[in-house]
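Features of the protein shown, as given by TrEMBL:
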TRANSMEM  20-37  transmembrane segment
TRANSMEM  342-358  transmembrane segment
TRANSMEM  365-385  transmembrane segment
TRANSMEM  391-416  transmembrane segment
TRANSMEM  436-456  transmembrane segment
TRANSMEM  468-491  transmembrane segment
TRANSMEM  528-547  transmembrane segment
TRANSMEM  849-865  transmembrane segment
TRANSMEM  872-895  transmembrane segment
TRANSMEM  901-925  transmembrane segment
TRANSMEM  945-966  transmembrane segment
TRANSMEM  978-1004  transmembrane segment
Amino acid sequence: MLIERGNKMKLIKIAIKRTIVTTMISISLLILGIFAMKSMRTELLPDIEYPVVKIITHWSGASAADVEKQITNKIERILPNVEGIENISSESSYENSSISVEFNYGVNIQDKVTEIQREVFQIKNDLPNSAKNPIIKKTEVGAGAITLFLTFVSPDKKALFSYLENYVKPNLETISGVAEVSILGGTKKQLQIQIEPAKLASYNLTPMDIYQLIRKSSMVIPLGSLMNGREEYVIQALGELESVEEYENILLHSNGDTLRLKDIANVVLTEEDPLNLGFNRGKPATTIAISKSSDGSTIEINEKIMKAIKNMEETMPSNITYFKIFDSSESIKKSINTVGKSALQGLILASLFLWIFFKNKKMTLIVSFAFPLAISTTFILMKGIHSTFNLISLMGLAIGVGMLTDNSVVVIDNIYNHIQEEKNSIEAAFIGTNQVFSSVLASTMTSIIVFLPIIFTKGIFKEMFQDMVWAIIFSNVAALLVSVTFIPMLASKFMKKNIIQTEGKYFSKIQRKYQRFLSISLKHKKKTVLISLLFAFLIFGIGGKFVKFGFLTKQDYGYYSVIAEFQNGSDFEKIQELRNEIETIIKKEPHTKSYFSIIQKRNGTISVNVDVGFKEKRKESIFEIVKKVRKEVEKIPDIRTTFFYEYAKGKPKKDIEFQIVGTDLETIQILARQIYKDVLKIKGVTDVSSTLDSGGKKLEIIFKRDKIQSLNMSIKQIEETISYYLLGGDRANTITIKSGNEEIEVLVRLSKDNRKSIKQLENLKIKVTDNSFINLSEIADIRKVENQLSIDKINRFYSVSIYVNDGGIGTQKIQQELVKIFSEKNKDSSIQYRWGGDAEKMQRAMKELMLTFLIAIFLIYALLASQFESFLFPFLVMGSIPFSLVGVIIGFLITQHTLDAVAMVGIVLLIGIVVNNAIVLLDFIQQKEKESKNKKEAIEKACNLRLRPILLTSLTTIVGMIPLSLGIGDGSEVYQGLGISIIFGMSFSTLLTLIFVPTTYYMLTSIFSKKL
């Protein structure tokens, strides 16, 4: 037999001859694939390492201007010493300096952290003494993400906070993968030494004197060791104060008098001023927010947390109750299950189409066996590169499901043709597989090669989608191996001539209509080609203008948040009233299951987090619900609201950040205010805000330098005295008192009653070098000004940002409007604009995508030129690419879905898969031309023979994508665009390829006598 005489295609021969070996390898791959899948870490998104280093410095009591001058500027000046920096952005706000250093992709980010630490250490002494040491760390996606919210309720709020702070929080922080446990609502205990300036001055004492005395009176000092015979004793002096009474009785000596601390100050065990307040369903509550580390598995971490909480129940006070109000692992499981279901549904639909076209159980089952085997092999390979089981990698697998049968269909269809030519099953299996091997290999290579630029380039596109790319590459490699080994082996055993049935009636009708249409097209070849090209140009030229573009489509996970900011100050009673109004609106919405609120007292904002349940249990989408709630909330005066489709602990990023950059802060602020007013008028934008926002009123102390010098005083000494009065001591070196397991901070400061007015500030007593005291008003003027909430800079230039969310018109159109407004308003050439947020990511992704697109097209051209030994032939094959893009544009116009970064991956994929049909078709046309003298007949015969495998491979891919494109299930919006781009791109490309490619080939070979 031919299989025994052949000296080529050893792999095919071995697979067909050694059926037990092939079967055992296949079973082993199935088993290993199951184990690989179960052992992969499950996450919502892949592990992404952004090349960004954060430098965060805390300075208690410092204004944004002071932070910028004393900390941010000094650190920014030394950063250029570090190589490879792309951008430096900074935000100086009340008490905090935050600097982001962005590097080029591909650098070793940990090395850069070390370099920055070294540079910052050299200027450490130049930073304010009272500022904390800068924290320098790399930015990791997933690190710090809120994974769980737990609300605790008790009638005894003080005891509740103490229990959470000293028992629950420490226990949860020991769990592997937990990065941070934050308590929202509730306050710590505090021992306050409440002083009065006049009384201190009367005893010739300052706040610093009191603070230093307390520190000296409460110390634990190691005193060495003592040998007593053979035993050694460590000696320690226990000088710590342990009660309010002990603090009250600290002795002081002043002006010859002996006093106790209680004689000149009130020693009070109280609570610190709360920075935030928590409410659950409108009632006061304390909430724990748990954040995960970047390498921790959300599902595993949350399971450990809930197990730990269950264990704590045994010792938990009976008056404390708790309940879970947010668990991100639930949405992850839902989203993963949704993609898994979509892949399974796609597999079933693809198998159904195989049956419709083959009308033969054995052929359908043989090809269907390719699915589990190829998927198992894919999981093994993905486990090998340490990929996680996430939404992106599963999308790649779901795409692969639609493509898995392509090669197998081509192989089995050709085997079927040879069996009909009276060959035995073994010979037909070998010849049929061998004959199409080159075209199957080429089509697989084109599907793989388009993604190589993404794998080997550096950038955000690669970081986001490499898991998907590897899943597609591995599934294609697995599908190729299965199609040339496992499929011919099964075909040689189970496909006999007497069981092959006639064509299905549906396919026969399609085939007859196609033959007639192709014959007409070949007869009028020039008109056909011209009409096809004109159609493509029209769609590109007109339709492309109406497609909405964005970075990532918002997803429906069943929860949203409202951030409310106040435009007219932040009076606490007013904030409470407005919280009630917002919560009342949310409560009335019928889909609301639960909600909890957090008031940030310092900046006067409210965040209300709302759970509306899973998508399949609602009649309305989260977007429709938010639209209704937004309409009602925006009627409330004096607040500005922003809606996010996630739970918010802080301030999530908006879709677009428009940055106005210049050298003079005041100038760009004036321009930004003008632009801001016009941005509010753009139809289709929501949640407009800016960094122009005032941080309320600020009191500036302007020192009378001549007066201070005449008194032989220093400004530093005066500032330190004021800081002690208002903040309560040395904030960098706090004093604590132990109470059981609880550490209580000790503060020396003015009581609340003594820090209520400007007059009280003016009357603060400042010690002069001659031991006399003067009022602050004698050496300084105090004035009211608007407080700058933050001072932002980009690459050391001042910047003001305007933030916008897309209300449904697409980020690209909003960007165009913003640029138009900027061009009209800006008359200063030194002021420029930049993009931040998703707009900046989209801009980068588009550049990377364009580069990927061009490289992919060249690689396909190089592959085809090498295969067909022709420089011109590849252009004919690649003629199907524009038609796929035409289909994509039509698809997004019809569905009105946003063409986002995920959909763009689908476009890259289309470049590789749409040429496959053209390769198979033209390869057969050239084979039939050798057998026939009539070119037209040869083309018609080849097209007729290849119609079924082309339709089958295209339809299995298309129907495999249908579940993805429908957007059913939680979080399905993220991959809906991917399904739309592939379905419409493949559909239009397949229909036009079956006509355009053979017609163009016929036209060109008729014009040029020389072979292409």
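Keep in mind that glycine also has a Cβ here, set from the backbone N, Cα and C atoms.
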Contact between the transmembrane segment (436-456) and the transmembrane segment (901-925) (3 or more Cβ pairs under 8 Å, separation 6+): yes
Same-chain residues near the transmembrane segment (528-547), Cβ under 8 Å, at least 6 residues beyond its ends: 521, 810, 882-883, 885-886, 889-890, 892-893, 899, 992, 995-996, 999-1000, 1003
Cβ-based contact of the transmembrane segment (342-358) with the transmembrane segment (945-966), 3 or more pairs under 8 Å: yes
Stretch of maximal Cβ-Cβ contact with the transmembrane segment (901-925) [cut-off: under 8 Å; candidates 20-37, 391-416, 872-895, 945-966, 978-1004]: 978-1004
Sequence-remote partners of the transmembrane segment (391-416) [C-beta within less than 8 Å, at least six residues beyond its ends]: 44-46, 335-336, 339-340, 342-343, 346-347, 350, 354, 363, 366-368, 370-371, 374-375, 378, 382, 428-429, 432-433, 435-436, 439-440, 443-444, 447, 464-465, 467-472, 474-476, 478-480, 482-484, 487-488, 491, 495, 500, 902, 906, 909, 913, 916, 920, 948-949, 952-953, 956-961, 963-964, 971, 974-975, 978, 982
Same-chain residue ranges lying at least 6 outside the transmembrane segment (978-1004) that approach it to Cβ under 8 Å: 395, 399, 402, 514, 517-518, 521-522, 525-526, 528-529, 532, 876-877, 879-881, 883-888, 890-892, 894-895, 897, 899, 902-907, 909-910, 913-914, 917-918, 921-922, 925, 935-936, 939, 942-943, 947, 950-951, 954, 957-958, 961-966, 1012
Distal contacts, the transmembrane segment (20-37) - CB-CB under 8 A, six or more residues away: 14, 372-373, 375-380, 382-383, 389, 485-486, 489
